[in-house]
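Reviewing the structure listed below.
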């Protein structure tokens, strides 16, 4: 028998310990669908889990309490911590509402004796100020009550046994970022967070909007000894009331604990949404309707004018000869939007025939848009025909021409954007890293392959006529892409190109260009000069150097003749290269710049030499045409009307490639 009593005593102790532990742990409700609450008055839990304390019914109150009391034994450490989210929604946003929400700690969940209106469903005339009430109320009051000595505006207050607050403040929160208090509109209908913390000495009340973390400083901090007010068992909950002024008062979520470290966080993202009042539709009076009509007519006229102006602004010229090129044509409006209206901050280059802009198409593709003017109809027709034909060229080492747009006196050319700019930026600009030997030889192979394709891999022979480092673009992987077809010419295989003005850049132009005209061999000559430019790290013509070094081809030849060919390499190459490979490429450059066109290799052979699929033919400094450099003078070019300058060419036609920050 004694054993049974002993076991029963043990079980009772365990039960009491568990119960005490449960009470100290507290609770958390992210919505109130499954909440264990005592509810009375007009309070109710809505289907979405929202706790509604009052609605827009006059002179009513509602209560919601946690059903189990908490142990607040004055002999032990007395503290509690709570965090809840509420919303006060008047019948019409921006209007007054009443009367407010109160967080209550009470010895009883029966507040039927309390009054509505300014008493907030907690107090009454009979119990105001009496110590026997044992009530703590944290009020969010939206109506001024003169008899309670309340503030002019909605306020937050601490009430002890009476609706007259012992401490109050206008609703606001401390901004950690700004270091000052920011006001809060209690009747905005927006969710508001409230923290009430009591550590045994100080009662702190803190507010913040739903999207703000708990501020570092409370709104109210009051030294209070709640052990003189609290009984051993106390209930926690909410109260709300209406009067002649009405509001929907909601609680979205609630967390409570006797201990700070055990207070569970609310999941703010999952809380139910607050229903806001719908705006009433007002009927328009006949007078107002008439005024609206009188206003609408001029507005319609203005909009019509704007529409006409925009149509004229985006109008594009189309002729019968452009129909066959339709798939390559962009609308002016799409390019206008892609470049943000051709804003200055989108401009990335400027050439002899127009400006270059970076743009982005709706799908995210980056493009380069060259904007130029024209007035010669026949010349523009020929240009469009040639450019669109080039749009059909497909090779991995060509800058893809995507299309064009013709509008009034403008032509816009669209190509793929090359993010790493042009090769000359890395060869001659000290601020950029110098390409390694591997990168240089790889780029040379890329451009040789592209030029071989233009000469032999297309339906018509394509002559580039302006090969140089500034026209070699680098994609995101630093692969070489041949661009700038502004000077390009086409002719059928088996026929010769009709005589045209000599074009190009000094130092890249073959000696026979003036007398014999353009051919595949003149492209080979330009490639040879470009090849030496890349390996030697200097431009083909530099007048500021001593006479013996001004012309790159001549200087490399003289160094070979003096058995010091190796010293012509770019000193920035470092040591990571094969000497025999450097020597082979330098000699190939001299072979391609042979003064005798028939002695120059075809681009197909150049590709084989660079890939070392074919040995370089044996020749020496005494071989006819090698090193016989005959520079085309500026005077001679001017005499035949060539548009060309040192270091950059002003093309007969416009470039369609883009130099990232530098234009032709």
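Each Cβ is built from the backbone N, Cα and C atoms, and glycine gets one as well.
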Under Swiss-Prot, the annotation transmembrane segment belongs to which of these stretches: 287-307, 308-328, 329-349? 287-307
With the fewest other Cβ atoms within 10 Å, the residue among the binding-site residues 348, 356 is 348
Distance check, please: Cα of residue 354 (ATP binding site) against Cα of residue 466 (active site, proton acceptor), rounded to an integer number of angstrom. 18
Could you check what DSSP calls residue 348 (ATP binding site) once collapsed to helix, strand or coil? strand
When you measure from the Cβ of residue 267 (N-linked glycosylation site), which residues in the chain that are at least 6 apart have a Cβ under 8 Å away? 30, 253
Count, for each of the glycosylation sites 55, 125, 181, 204, the other C-beta atoms lying within 10 angstroms of its own C-beta, and report the residue with the smallest count. 125
Other than its own, how many Cβ atoms are within 10 Å of the Cβ belonging to residue 225 (N-linked glycosylation site)? 12
DSSP-derived class (H/G/I helix, E/B strand, else coil) of residue 356 (ATP binding site): strand
Give me the Cα-Cα distance between residue 356 (ATP binding site) and residue 466 (active site, proton acceptor), rounded to a whole Å. 19
Length of the line joining the Cα atoms of residue 125 (N-linked glycosylation site) and residue 55 (N-linked glycosylation site), in Å: 24
